[in-house]
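Take a look at the structure below.
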Amino acid sequence: MNIASVIVDVPARQTDRTFDYLIPDRLLGYIQPGMRVKVPFGPRNVQGFVTGLKGESEFAKLKEIAETLDLTPVLNEELLKLGDWLTEKTLCYKISAFQAMLPAALKAKYEKKLALAQGVFPKDLSDSVGRLFKDSREIKWDESSLKNLLPSLQKEAAEGRIEVIHEVRDKVRKKKLKHVYPAVEKDELEKQKALLGQRAKGQEKLLCFFIDDPKPIELRELIGKLDISAASIKGLVKKGILQEEAIEVYRDPYETREFVKKKPLNLTPSQEKVIGPILSSIGEDRHEVFLLYGVTGSGKTEIYLQSIQQVLDKGEEAIVLVPEIALTPQMVTRFKERFGDLVAVMHSGLSAGEKYDEWRKIQRQEVKVVVGARSAIFAPFENLGIIIIDEEHETSYKQEENPRYHARDAAIQRAAFHRCPVVLGSATPSLESFARAQKGVYTLLNLPKRLNNKPLPPVEIVDMREELRDGNRSMFSRKLFEKLEDRLEKREQTVLFLNKRGHSSFVMCRDCGYVANCPHCDITLTYHRFNDRMKCHYCGFDEGVPSVCPECGSEHIRYFGTGTQKVEEELAKLLPHARVIRMDVDTTGRKGSHEKLLNSFQEGNADILLGTQMIAKGLDFPNITLVGVLSADTMLNLPDFRSSEKTFQLLTQVSGRAGRHDLPGEVVIQTYTPEHYSVELAGTQDFDQFYNQEMMVRKIHKYPPFYYISLVTVSHAELMKAVSVAEKITRHISLKLSEEAVVLGPVASPIPRINDRYRYQCLIKYKREPGLEKALKSILEHYQQETASGQLQISVDLNPYLLM
DNA sequence: AGCACGCCGACT
DNA sequence: GTCGGCGTGCTC
């Protein structure tokens with residue numbers, strides 16, 4: 001077994017297979033599947049993953065593995081298999097699947113360098129080349145600065161005086177800090193203390209400290225604690241009494257926070273009823289998927305916590321997925337309060353290094369529970385006992401780049417391997433999951449009542465067209481405004497929700513109707529008040545606001561629309577005494593600012609919390625008694641078959657923020673389409689009826705959960721090329737599929753151009769098409785050269801959540 | 001992805 | 001005649 005199969009870090013169709021390498025003697029018995037290695041590949045070195053070991057290879061002249069990058073495998077056997085599954089399910093490259101399962105810090109960083117050959121000095125080279133090495137024997141390969149030296153470099157390299165090095169490194173280093181500890185026994189420390197001179201106050205303090213506690217301590221901490229200088233430590237180190245060493249430390253994003261340990265709460269009878277099947281599934285090592293359908297405030301989290309406790313008691317581990325966890329600090333707090341140091345947290349707000357450290361804690365079995373966003377589903381636990389997905393219906397569980405996986409599917413895959421339950425929790429389950437529960441594929445668990453039987457808040461729907469007819473041109477209906485004033489008077493809090501999607505500010509000419517568009521994408525530029533500029537949210541293009549209309553020359557050009565900033569301005573005008581906290585991408589950009597704003601609101605530093613999607617979930621503050629939705633229907637017009645579902649879910653979620661505690665709550669929903677069933681039924685919070693109605697619509701239009709869908713998007717800088725390739729692909733797919741399948745297109749994507757590339761797409765709806773995956777693979781293969789060069793892009797999404 | 005090998009145009 | 005354009009194909 002001295003040969004390793006390796007998947008190399010070259011994401012291309014031609015290299016999407018294993019390559020065999022000889023394991024050098026010094027690494028024999030050490031290299032295991034799942035380790036990262038550095039291997040020579042063509043003329044350079046690349047990172048690779050060992051996927052298996054074998055005794056012989058069909059390939060005659062094998063190269064040797066250059067070195068290992070890990071001491072222990074970063075992917076265990078289960079995760080290696082899961083990588084294969086991901087590759088198959090999403091048609092991505094093996095290497096992309098592996099990389100998706102690991103923290104970004106472990107991704108290789110490549111650096112091309114020039115170095116002097118052994119025994120060669122700058123003076124041995126021609127003047128121009130020799131000058132490059134005057135400071136160091138190694139320099140970075142910098143295309144631009146070396147440009148005119150290329151011929152002479154080539155000559156020196158050919159004659160062996162300099163060489164090209166391809167370096168492979170981890171992206172992020174382990175964080176190491178200098179630690180100090182005694183080098184001698186306690187009685188020796190005592191002896192040395194007696195020998196110290198009168199003036200050696202610092203050294204005396206140090207010795208006292210270590211006589212008390214000889215454990216290693218971080219240098220800076222020691223200096224701060226004893227109020228001494230680094231020189232005192234140096235002195236003792238020199239005498240050989242103390243020792244210094246760089247020890248790996250974890251970056252702990254929550255280290256400054258104190259968590260008070262909390263006990264499990266008593267379960268209500270209905271909670272008891274629901275947790276029963278989950279606990280027995282855990283106890284019997286049985287894989288089962290539960291759909292925990294519980295209204296907002298029905299105590300789902302406590303079910304999660306107590307199920308996990310059972311798993312921990314069994315000596316197993318738990319994964320909890322939450323959507324964009326940075327946005328729900330309350331959730332993290334509850335887990336930390338219950339399980340303390342056993343919890344690792346993984347979310348997008350952490351730096352690459354912090355994420356890596358949390359991952360290391362899991363790998364080293366130092367934690368038992370991970371709470372995290374989508375990618376936490378790949379936490380390298382060995383004995384999973386439960387996987388929980390909170391807010392199961394959230395679309396952020398679907399990754400919108402390769403590998404385009406859905407965390408729910410990966411969860412079920414992993415749980416089946418570990419023979420443990422998956423709990424999907426939601427107040428508004430996705431249609432897909434609910435349908436599966438109805439069919440008996442998932443086990444449905446119901447929590448129909450809020451804790452303490454608090455009623456759901458009454459919801460009033462206001463028709464904004466009527467408001468307009470009655471001459472109210474403000475963005476607040478009279479009803480909402482009245483209630484706002486009332487809450488201000490009573491010193492209770494209000495949450496105002498603005499459905500921002502498709503509703504951000506833009507710049508328009510009031511005379512000719514010209515709207516500022518991105519010159520590279522067919523999309524309106526979004527206006528940002530804080531720097532008075534317009535920005536494209538797809539390619540990042542950014543431009544100042546023109547003072548005159550570029551079409552007609554009119555000066556009446558200004559920003560338009562109802563962004564949060566604009567609402568804030570209007571609030572300031574109408575209710576100048578109200579204290580408003582605004583939460584959107586602009587105000588929560590910086591790390592931790594989100595939490596700060598929420599804390600400030602919780603402490604009562606504001607009367608109104610104004611925000612977008614991000615305030616729809618997880619807020620649980622006792623003083624919120626009014627929730628206002630400013631525009632309920634802005635999502636309904638998006639080209640997305642899930643838009644009704646999303647609207648219903650969002651409105652229900654937001655409504656759930658009101659009156660969760662002692663004070664009763666109220667909800668006002670403003671809309672231009674009060675008759676739409678998703679708005680109307682969100683008003684009565686009638687999920688069952690919504691489900692029935694929406695299922696009918698899906699059936700008629702052949703959408704999930706009745707049909708599967710797949711989306712192929714073709715993009716190219718030339719319109720004609722994009723169209724013709726899309727056409728060929730569509731034709732090819734149609735030929736390969738059965739009568740039952742529907743192939744739509746090709747049509748221009750809803751955003752027909754992004755970053756100067758035209759986009760055409762083909763949508764496939766089908767029930768059972770065993771030939772589809774093969775057809776798609778052969779298409780990707782067929783166009784591999786053109787896609788490799790970047791000219792042409794073909795993206796395939798089996799089960800897309802965004803049809804853009 | 002890189003990089004080398006290989007076959008046709010405008011240049012000292 | 002040669003330098004160099006980037007199409008094609010390989011990397012254990």
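Cβ atoms here come from the backbone N, Cα and C positions, even for glycine.
Curation does not apply to TrEMBL; its annotations are automatic.
Look at TrEMBL and you will find A:Cys509, A:Cys512, A:Cys549, A:Cys552 tagged as Zn(2+) 1 binding site. For A:Cys518, A:Cys521, A:Cys536, A:Cys539, the entry in TrEMBL reads Zn(2+) 2 binding site. Residues or ranges marked as domain 'Helicase ATP-binding' in TrEMBL: A:281-447. The domain 'Helicase C-terminal' feature in TrEMBL is assigned to A:544-698.
A distance of 18 Å separates the Cα atom of A:Cys512 (Zn(2+) 1 binding site) from that of A:Cys518 (Zn(2+) 2 binding site). Highest Cβ count within 10 Å among the binding-site residues A:Cys512, A:Cys536, A:Cys552: A:Cys536. In the three-state DSSP reading, A:Cys539 (Zn(2+) 2 binding site) counts as coil.
Around A:Cys518 (Zn(2+) 2 binding site), a 10 Å sphere centred on its CB holds 24 further CB atoms from the protein chains shown. Ranked by CA distance from A:Cys549 (Zn(2+) 1 binding site), the binding-site residues A:Cys518, A:Cys521, A:Cys536, A:Cys539 have A:Cys518 at the top as the closest. With the fewest other C-beta atoms within 10 Å around its C-beta, A:Cys539 stands out among the binding-site residues A:Cys509, A:Cys521, A:Cys539, A:Cys549. Taking the centroid of the Cβ atoms of A:Cys509, A:Cys512, A:Cys549, A:Cys552 as the Zn(2+) 1 site, the other same-chain residues with Cβ within 8 Å of it are A:Arg510, A:Asp511, A:Gly513, A:Tyr514, A:Pro550, A:Glu551, A:Gly553, A:Ser554, A:His556, A:Ile557. Straight-line distance linking the Cα atoms of A:Cys536 (Zn(2+) 2 binding site) and A:Cys509 (Zn(2+) 1 binding site), rounded to a whole number, equals 18 Å. Of the recorded residues, A:Cys518 (Zn(2+) 2 binding site) and A:Cys552 (Zn(2+) 1 binding site) place their C-alpha atoms 18 Å from one another. Between the C-alpha atoms of A:Cys539 (Zn(2+) 2 binding site) and A:Cys552 (Zn(2+) 1 binding site), the distance comes to 27 Å. Same-chain residues with CB within 8 A of the center of the A:Cys518, A:Cys521, A:Cys536, A:Cys539 CB atoms, the Zn(2+) 2 site residues themselves not counted, are A:Pro519, A:His520, A:Ile523, A:Leu525, A:His537, A:Tyr538, A:Gly540, A:Phe541, A:Ile754, A:Asn755.
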